[in-house]
């Protein structure tokens, strides 16, 4: 059986190979069936930078910083060597030197873009000795060679050829070789991911799948592909850690004074930010203590009930402000060792303050506009409420007292309900008229609230004001719904009486029951007037149900906008606009070269060589944003909407009918407990968070 080998090759090693020989470091990933070997090349290092005495210690310390998922499957090690071939015959200079009866000197010329340079005999001898000892010690080893006579393309200048491979301590003569070139993932650039967006979670197919599709799903997938992608995403971190341990520290004597000045400036900045944050922390704690002292007063209870949404959003915003040093703390070293993990950790870290910044930005825009046009906004709002009161509520009640749409209603009941509604509307209009002189201050309060706490808090205050301003509509709807529901229940009970049935509330069913003659007579006398009065009460109920439902849907729409503002991942949207490659959704490969014949001059008879270039598909903007809006779409279900509409039709009060539907839509993204720690600890927490940002920036 011909074995298969996949070499994952970083493109930066092929763009400008200026050294005659390079040590390769990476991971060997062997499949359970032992017929496939993945060789992930992370980086290369020249022999001038490696000391064999400290090599194992350096590799061990680098492995300790790698992700645990990668450590459980494989270890970073020296996997082989890649040497240059300037003769175009498939043989490297090292192989020529070994066949020249142990000649100690090699006279070669390195052809590169930077010019020509002589190879030093002593360094070449040390390199050959290091390669010989490591290749004997390791069970797996690959020997690659550059052939500068073959030029592949602009993205990949030269692809190495396999000269020798040792697999489980044995030389493999024949194998299928796939060289997959990839661009090394970097933080802030791109990374690879096998996950892809699919709608299978949201929709279920009712079509039965063919047998060959089921067999394809049951077939074992390519082994260790997840581990290979994880290793590729960790290649940059492995290279950085290795070079940090190998390369000697660069002298910074010239930059010592500049570095000290920058460090002092950053510390002063950290002290100022921590002091300002601590001052805000003290002010918020003082306000909370004052509110808790008067929590049992009647004014506090009423204001909390009236402005419940505003209170909830203000508390959430204050918690976000207090928790900023917690969210900006440094991530663990494990998250920075893989580009994918580092990207996800950074998105989680910056999501809170980006939402806060965008919310406050929109709030400042709205606040400035409202403050600059407060007079016109006040007059327009008062005129709108006056028109709704006069031309909708009052005219509607007057028309219901006559013959609405040609229907003949009971005049006495219509006059009673109409006069009751008109009196309630008049009383509330009089109260609002005396309160209208203070409405200008309310508009300015909404503007200031938006400037300080953001757009969502001012929108919540507007929702609370709409709820308070339309309380007379809700009261009238509650009263008429009470009359309408009792009439419906009476008609239903009398109808069951005529059919000799009785409702069993425990079993939720109708049982047979023998009524007396007196009960039938009384039921007959009551059924006619109740049934004839039902159209009049239903007309008033439909009118006020439409008014109340309209107000409720306006409030729900604003609350839905608040939830959408909280849930929108502004950091992801901004990064997607600048660089969509940071949001991968699968892999695809481009065939660069296919060679089925054996490569002349190589020690191994390669059955087939295939050179591929690894690409990553990217998510579109909807796929990036939709997971954060999933709870909004899941809340609008047929069951909840149908339950609310059914409650309105049977005369249930509007708050109870719309409560579940509204609460499922208006949820905050997270709930944070109130922070209560000493001021010194909070100052130290803020100071450390700012200094941690400096270390991350330097690293």
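Each Cβ is built from the backbone N, Cα and C atoms, and glycine gets one as well.
Looking up the ranges 317-340, 413-436, 509-532 in TrEMBL, the one annotated as transmembrane segment turns out to be 413-436. The transmembrane segment annotation in TrEMBL falls on one of the ranges 222-243, 288-309, 442-463, namely 442-463.
In TrEMBL, the transmembrane segment annotation falls on 384-401 of the listed ranges 384-401, 564-581, 582-599, 600-617. Counted over residue pairs 6 or more apart, the CB atoms of the transmembrane segment (384-401) and the transmembrane segment (475-498) come under 8 Å in fewer than three pairs, which marks the two as apart. Remote same-chain partners of the transmembrane segment (258-284), defined as residues 6 or more beyond its termini with a Cβ less than 8 Å from a stretch Cβ, comprise 252, 318, 321-322, 324-325, 675, 679, 682-684, 686-687, 690-691, 694.
A Cβ distance under 8 Å defines the sequence-distant neighbours of the transmembrane segment (442-463), meaning residues of its chain 6+ beyond its ends; these are 307, 309-310, 312-314, 317, 356, 359-360, 362-364, 366-368, 370-371, 374, 377-378, 381, 555, 558-559, 561-562, 565-566.
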